Amino acid sequence: METDPQLVPSVVSVMVVHEPGDWFDETLASLAAQDYANFRTLFLLTERDDGRAADISARIRDVLPSAFIRTLPGTIGFGAGANEVLRLVEGDNGFFLICHDDVALAPDTVRVLVAELFRSNAGVVGPKLVDWDEPRRLQHVGLGLDRFGEVDSIIEPGEFDQEQHDAVRDVFVLPSACFLVRADLFRTLGGFDPAITFHGDDVDLCWRAHMTGARVVVVPDAVVRHREQLELRRPDLPHRTMRARHRMRVVATLTGASRLLGRSIQMVLLTMVELVVGLFTGRFGEALASLRALGGLIPRTGSIVKRRRAIAGQRIVHEREVLSLQDRGSSRLTSYLRGKETTTYVGADSTVRRWREASFGPPLAWFLVVLAIVIGSRQFIRGGVPSVGEFLPFPESPGDLLTDYRSSFDGRSFGSASPLPTGWVVMAGASVLTLFRMQALLMFSIVGGYLVGALGAWRLVTVFPLNRARIAGMVVYVGTPLVPGLLGHGDWSTIAWYAALPWLVHLVRRAAGLEPADPTVVDLDITDGIAPVGWRHRVRAIGFLSLVLGVATAFVPVVIVLWAVVGLVLGVATLIAGGSWKVAAWLSGATAISVVVAFVLNLPWSLEWMQGALWSPEASGSTGRSIADIATLGTDDQRFVVLALALYVPVIAAVAITRAWRFTWSVRAAALVVVFGAALIAVEWDVIGLDIDPMLLAPPIALGLALSASAIAGGFGTDVLARGFGWRQPVAVLANLAVIVGLAPAILAVGNGRWDAPNTTMASLLAAQLPDDPAAGDYRALYVGDPRLLPVPGRTFQPGVAYAVTDDGPLEFTDRFYVPDTRGDEAIEEALALIASGSTLRAGRLLAPLGIRYVVIPYADGANSTTADPLPLPDGLVAAFENQLDLGAIYGPPSLEIFVNQAFIPVGAQLTGASAEASRIAGEENLAQVDLEAQPSMLGVDTGPPTAANQVIPGVVHIGIPYDERITLTVDGDDVPGRPGFGVTTAFDVDAAGTGRITYDRDESRGWWTATQLTLWFVVLVVAAGARAPFVRRRSGPAHDETLIDLDEQWDDHGDTVYDRDPTGGIAGEALDPTLAIEVPDEEWLDDVPDDGPDDGPGGEPTEDRS
């Protein structure tokens, strides 16, 4: 006996179809097989190509000839697409079966759902979702929800169906993959929130259904198979970001007004806690997405308020009743501590999501690493960073940094009209993080750089599926002797490169599509886990890559060269390992693109790099260190540093033992170690003429050691234990033990709390020895000696001898940036050449016009050289300066040789008599014969763009800055023409006394450069963030009202409707008619709840089912 379709309400299946695969035929067959009498289907296609849309329509017609098919207007998400049913179907006497296009329904699914909807008097009912390929594995049996918008899947990950969840019960959320909703309720709710394209549409709809008083019920007897592969089908979407953003939107729009303020505060606190917990559980990216989504609510306040007003009429029941249905606490934080989590793996010819065992290993490893870094840096944190090496104090005013950057004048050294380093802007912007406390920012840049490098290493080694591999890689990268030595010697540049490198490699492998390979595939020789990557994903990864590289090169320009070599090495190593040439091309190509973009981001400063910013001063020869000493990556003063050589054992073992994609990563790691290790030895031994700080070559070696440790640890099960007993087992055990031994030096370095940094630093000694005496006028100091001992970057005078010039006052971090060459540097080199050859005894007079008051020759800096074990000084250097008649030695500490220039002329001075006349004559011979005298004037003229005011007298106003036409002088408002002074500096001939005013005509093009540069950074930031900016919106075709189905039509000849039109489904309205004539077996109507069960709760909901 067949049921008359006129006696049962109509069910319209609504399916949004997007680029379906072969499995779609099975989906269509399941709809055609439904045994419900009054069932119609509506397909909404997202395909914009008419040809492909016709092909999909033909596939549907072959199985469902009477199906209604329409193409969606414009580009919209699932929720907005499903809402088209409200326009295409009229009437309220029926149901909508909302479905994804990747589900397969059991033949009785619709009938069982309709029957249970009437029996339970519900508004929304949903089936039990099981895995598509393995139906015995549960996927979802309804979802719970906490008050912060986070869903709880209720079932355990990977749980098998043993009928343990087969009781009909109330839930808070039903997945949008498949659920049946009353047509009148769906119309009252206005359908899905059209602003939620994917992820969270079902949460919003079910939450609003509860607000109207409707019951949301899961019916496990109705079974639906579901592929649930949205992330794989739509790799172009930022899924993590969308999940977080839509979760925040749902909470902001649906929380009651009386609780909104408190909930907002709770959301902020919860996000902060999530950041901390996420850091230690390896899910920091999800926590960061939550933080961005929380901040994103601010610019969307208007749309949120508008949405709250639109749904105000749906708030029928008291909010307390809705809250009572939600989970207590935070499901999100709880999920961080669960025993399993889903991870995407790449197989031989497909990408799958599997449950991955989680453990407390990563949180414990992170806790120990952070604890060790904090303990080892406790003196830095508590007492401030010692001014050793490049650890010079940051400028106190971020505003001054921005002001100087906007100007077209670099006031450091001799001063020049040249662009300033981009790092100045980065420092000023980053000061917001420390509430503009610049010395706190310095400390965070050093200690935080260590942690950022560790986090980057962790992100990179997530390419290995197993936790032990990830822990090994991260710990080895942190635990080499490299960073403790860098911290003790004040090597800020190498720390910055160390922090950026693993992030760069991680991002370039993402751009190349390299993802974790499926650990269950052991028989196939997969050379790499290559995931299908869309162009949007690649562009975003390259954008982020370029952004990180741009920031790193803003401080350390040579990083751009080193990174280019790293990318090339990774690409070549991929080919050597037998990997895909496409992967190799993307690794090298993405690296090249990032290099170009980073160079452009640093314009116009990057145009100055080729003058010398990329390279260090030329060394005097081999350092004399052995290969073993060099290979430790540490310094000679570190304890038991030789034990670090054990970390090279996994490099050899990994190449010899590992297979498949682990072998490919082993070869890449070994290539980094070999290439950069050979370069490091060559530089240390001065085999090649590469003028670079040797320590900058060490981070790629440390990263290679880390990747090798990950490979050997990750392959221990499949590449060692799973194979027959032989040489591999003892070698693998030895390699793993070697990792433990190799970490000993770094652990021992934690002890004294300052990483063995010297207590007395050169910067502190210079501040005490070089006075700050305004009455004597502004001056400069000239440093000459071994380039490793100069307090700021120097220029090569001759191999092993470099010089640098600084302004008076304490040294600052900005002094460590390279300063472009000027005519003043040429004059210094000419004077040094005369001193070295013994051609002059009046070096003071030669240096005087440039404002040089002190000449400093450093013996020891407490790190690279100590008074107990000093580096040898260049032969004859001190004696050459001692021979000068106008340079007097002054008493100072044993680590410094200081000479005072007795012929010193202040940077801003008034010259008269012979000195004024001498300023008109160029040449060292004439200058050495003049007894120079000067009076200080125009104080502070060298602190930035030359500006000063003072009383002047007839004579010459001398400005110790290389001649620049933009420097002008007015006396009582009258312009005074400028000229070169002493052939180098700037001078003005004053005829009458008056008030003199020095000004600098700013280069107007600098403003355009700055605006262009900020725009470029903003564009790259938007690309890296994956933001979409529809500057030109795609026009949608007009949506004409077109009724395909009328649900009320079938009741016109049968009097009243069978059930009440109240959309609340019974809680706020009358009960539905339980005698509806649906032909189902009697046993289908049996109550699952025993007669002696607990009493029903409010609204007829069994209290035992609300758990």
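Placement of Cβ uses the backbone N, Cα and C atoms for every residue, glycine included.
Whatever TrEMBL says is automated annotation, not expert-curated.
Among the features that TrEMBL reports, transmembrane segment is placed at 441-461, 544-577, 584-605, 640-657, 669-688, 700-721, 733-751. Taken from TrEMBL, the feature region 'Disordered' covers 1082-1107. According to TrEMBL, the feature compositional bias 'Acidic residues' maps to 1082-1095.
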Same-chain residue ranges lying at least 6 outside the transmembrane segment (640-657) that approach it to Cβ under 8 Å: 476, 480-481, 628, 631-634, 663, 666-667, 669-670, 673, 704-705, 708-709, 711-712, 715, 719-720, 728, 731-732, 734-736, 738-739, 741-742, 744-746, 748
Within-chain partners of the transmembrane segment (544-577) [C-beta distance under 8 Å, separation at least 6 from its ends]: 421-423, 425-426, 492-493, 496-497, 500-501, 503-505, 507-508, 511, 527-528, 583-585, 587-588, 590-595, 597-599, 601-602, 606, 609, 613-615, 663-664, 666-668, 670-672, 675-676, 692, 696-697, 700, 817-818, 1017, 1020-1021, 1024
Same-chain residues at least 6 beyond the ends of the transmembrane segment (584-605) whose Cβ lies under 8 Å from its Cβ atoms: 419-422, 504, 508-509, 511-513, 538, 541-542, 545-547, 549-550, 552-554, 557, 560, 563-564, 566-568, 570-572, 574-575, 1009, 1012-1013, 1016-1017, 1020
Other parts of the chain folded back onto the transmembrane segment (669-688), taken as Cβ under 8 Å at six or more residues beyond its ends: 565-566, 569-570, 572-573, 576, 619, 621-623, 625, 627, 630-631, 648, 651-652, 654-655, 694, 697-698, 700-701, 703-708, 711
